[in-house]
Amino acid sequence: MVAVNIGTSKEEYLLLLDSASSNVWVMSEDCKTTACNKHTTFGKSDSSSLKAENTKFSITYGTGTVSGTTASDTLHFSSLSANLTFGLATNASSEFESYAMDGILGLGRGSKAEGTIVAPQAVEVFANAKLIPAKISGLALGRYKDGNNDGELNFGELNKDRYEGDINWIDAVSNERGFWEIAIADAGAGDKVLGVKNKIGIIDTGSAFVFVPEQEAISIHKLIDRSRQAEENFIVPCSTKTPITLKFGSQTYNITAADWVGEKLPDSDECFSRVIGRQTFGPDQWLIGTTFLKNVYTAFDMDKSRVGFGRVKSANSTSSSSSSGSGTSIPFTSASVRTSTPTSTLTSVSPLEPLTSYPSSKTLTNPIYPSSTAPLLPATSTNNPFPTGGSNSSNNNNNNSNNNNNNNGNSGNSGNSNAPQGTVSSNDKAEPTQNSLAPAVSPSGSALAALSVAVGVLAFAF
């Protein structure tokens, strides 16, 4: 979650940072639904510089639907300010009542799907305004239970203090939805691999889970001792230490048991797996959420259309790192909804209530359905680089029918004031963070402003 200011408004707006969508929107003062009434709204009464554009939009997520009209105003993101076209949501479905967010800040590649907001996303806007030197962002997610509050998002360049060795770059797959999609080379558990072929991973900071088509999820969990299936859920011993593995390019990455083993069943030594057997989009597409992303440093390079992963450094090596340039630390305050801190500081939300159950199962009561903020609008076409399989969007109604409401908050923060330009802090459940600001220099030698703001990844379940 990231706190921003808009136009001349003195209010802070908490926006979900979401790599699976490209749109920016906030709840409008003209929205009268219950969901909007529980959040901070924005409109002409808040900002004298707001300009209505009146192009209609409607976006269906795994978590609900928002619709409204577009507008433009100045987005103030820590030290950076630039004019941005965004959505004013005049309708937000009931799912959004429970989420401590006033809107979404999309970091996707730009969607061409009908009904979405066709406008440059924030990283593009800042780069086009010469406020950052490149259309690149880097994300290091912390873990709420570790208590380190050390997550971080970098704009403009990557923070080499947060990863070891070189970034493993994978070319992004062309698609109409604006997803960061990359080829999955293999998957497995422990020292065993499945030999999967022709699969695509959608990198989604808005989801707390990994969604895999059922048969592949079954194959993965067969490699986990004493695992069992409960419809699209999988139950495993809470004590297991076996990592689940994903391979991208030539590199294999572990998802530690601390991340993929989820909530404990009542009065049991068994836990839910955070790898869910559900096809979210095409039969060859996997949705890769923060369950995996907490184990890597993730880079999104818009200029070269690629995603990169770095092996995260240990907490000790990260905390002792240093940064060039004159960094400016901005204190971060955690709050259950929002704080009364000055508008120049950044705010996040406290962790939401943990999930009490997982997707539907005959053996479970009051089930909830984990999902993501990846938009479910069908694209006009999607290019699959593989010779077989498909990547057509699944039907919205099938994804959203008969679901019970719940939520799982994931957000984060940076305790690291040594980050390079464009640094934003982040964690897996809303935790306090600190910001830093360091100068950058463009190839021509002109000074560029840098960014460091607190952010968290709020992952949805319903």
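Backbone N, Cα and C atoms are what each Cβ position is placed from, and that goes for glycine too.
TrEMBL entries are annotated by machine, without manual review.
Per TrEMBL, active site is recorded for ASP18, ASP204. Marked as compositional bias 'Low complexity' by TrEMBL: 317-329, 336-357, 389-418. Annotation source TrEMBL lists compositional bias 'Polar residues' at 358-386, 419-435. Taken from TrEMBL, the feature disulfide bond applies to CYS31-CYS36. The feature region 'Disordered' is assigned by TrEMBL to 312-442.
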Practice item. Select the most exposed residue of ASP18, ASP204, where exposure means the fewest other Cβ atoms within 10 Å, treating these as the active-site residues. Key: ASP18
Check your understanding: Taking Cα atoms as reference points, which of the recorded positions ASP18, CYS31, CYS36 is nearest to ASP204 (active site)?
Key -> ASP18
Practice item. Would you mind pulling the DSSP three-state label for ASP204 (active site)? Key: coil
Check your understanding: In which DSSP state, out of helix, strand and coil, do we find CYS36 (disulfide bond)?
Key -> helix
Point to revise | Residue pair CYS36 (disulfide bond), ASP18 (active site) - Cα distance, angstrom, rounded | key: 20
Point to revise | For CYS31 (disulfide bond): intrachain residues, at least 6 apart, with Cβ closer than 8 Å | key: THR41, GLY68, ALA89, THR90, ASN91, ALA92
